[in-house]
Amino acid sequence: MGVYIPPPNDNDSDKDKKKNKNNDNPNLNPEPSGDSKKVNNVIKGVSSTSPPGTTTYYIPNPSTWIPHNPSAGLIWGPLTPSSDNRPALYGMVGLQFILGLGFFRAARQLYRPRTIVTSVNSIPQHFTPKGSFWKASIPALTGAVAIYGCGLELSRLMLAYDPWYEEAKYYRRVAIKNGDKPSAWFGAYDYYKPMSTKAWIDKVGIWIKATEHELSEKQEVLDVSIVQANSSNPDDKGHVEHVLIPVKKNNLMSQMNKKGKYVEIYNRLRESNKSRYRTLLDTDLKDVQELNKAERIDLILEGKSPYSNPEYTKPHIQLGNHHVDTDDEFEMVWLNFEPWDELKLETDYDIRLIPHWRWADSDNSEPELDAVEQQHNHSISEAESSKELV
């Protein structure tokens with residue numbers, strides 16, 4: 001019994017031609033997986049004259065292996081640690097300072113005069129001329145540059161806001177999130193290109209101007225509050241003495257360091273809010289409970305509540321010929337006059353910028369403080385409702 005072999009089909013020849021074309025075209029070959037997918041990390045070496053079926057080699061870019069961490073005054077080049085590794089930066093600054101002192105010592109050894117002893121009883125002793133000034137100037141200049149760079153780097157580390165620090169810290173988190181383990185010394189240097197020195201100077205300059213303006217506004221508010229405090233305390237004869245207490249003003253750098261970063265600001269606001277909650281719950285809102293809610297509402301309606309504000313004026317809304325007897329009429333009047341906009345014009349807002357995400361160490365919240373915050377929010381809502389009823 002014979003075996004039937006079908007004749008060649010035209011479609012098979014077309015498939016072979018397409019396959020050969022795909023092998024000839026290097027752009028249609030799949031890219032390798034792994035570290036070669038990183039941006040600017042590999043150089044693809046493909047020859048257009050390579051025959052089909054050959055292996056394509058991917059040569060890594062050697063420049064991506066060298067860290068390029070920025071610094072303000074360090075001279076260590078590729079050995080410079082990441083900007084978010086502060087202990088390593090302080091250590092390199094100290095090492096550079098010691099190196100600068102070593103260069104100064106070498107310059108002193110080259111330039112100081114030397115004695116020549118001709119005989120044992122030769123008095124006075126003879127001194128050789130001083131060494132070459134140019135030979136001693138080279139290590140002296142090198143030491144001066146090294147120590148000056150230490151000063152610049154320390155000035156950068158003293159800043160409360162460092163764009164290089166924030167950038168390195170962000171990309172280290174990105175690398176950890178992607179499953180990589182960045183170097184503890186160099187950071188995630190293969191994930192980003194640090195910003196230039198000019199961009200860093202511009203960002204720091206903008207931050208310094210904004211912080212200086214904010215501190216000046218706070219100082220003006222403090223001066224006004226001191227004057228008001230003095231005017232509210234008259235003497236025995238009834239005279240009011242307007243005396244401005246001099247406040248010691250520190251330099252701008254120390255005030256910026258006291259201001260701190262956003263995390264410190266957030267923690268400071270949280271602590272101040274907690275103390276205000278406790279003060280309100282211990283004094284004004286001490287008797288505000290759910291058990292005496294009906295009694296408090298009755299006192300508010302009768303105008304005998306201690307929480308009612310007699311100086312509060314309701315927003316002036318002119319209804320004209322409209323009535324609000326039914327729900328439809330009330331909705332029509334509400335949409336027509338927009339009382340929320342009226343209330344918005346008569347309300348002052350105090351806006352504080354806080355981070356929109358939480359740190360890992362702030363996840364553990366105290367249950368007592370949460371209960372205090374809930375009770376305070378409930379009390380505030382009742383106080384606002386009482387104002388509207390009045």
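Positions of Cβ are set from backbone N, Cα and C atoms, glycine also.
Under the heading compositional bias 'Basic and acidic residues', Swiss-Prot lists 373-390. Here Swiss-Prot flags 1-55, 365-390 as region 'Disordered'. Look at Swiss-Prot and you will find 1-87, 153-390 tagged as topological domain 'Mitochondrial intermembrane'. If you look up Swiss-Prot, you'll see 105-135 marked as topological domain 'Mitochondrial matrix', on the strength of similarity to another entry. Residues annotated as transmembrane segment in Swiss-Prot, with sequence analysis given as evidence: 88-104, 136-152.
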PLDDT averaged over the residues of the topological domain 'Mitochondrial matrix' (105-135): 67
Long-range environment of the transmembrane segment (136-152) - Cβ separation under 8 angstroms, sequence gap at least 6: 72-75, 93, 96-97, 99-104, 106-108, 110-111
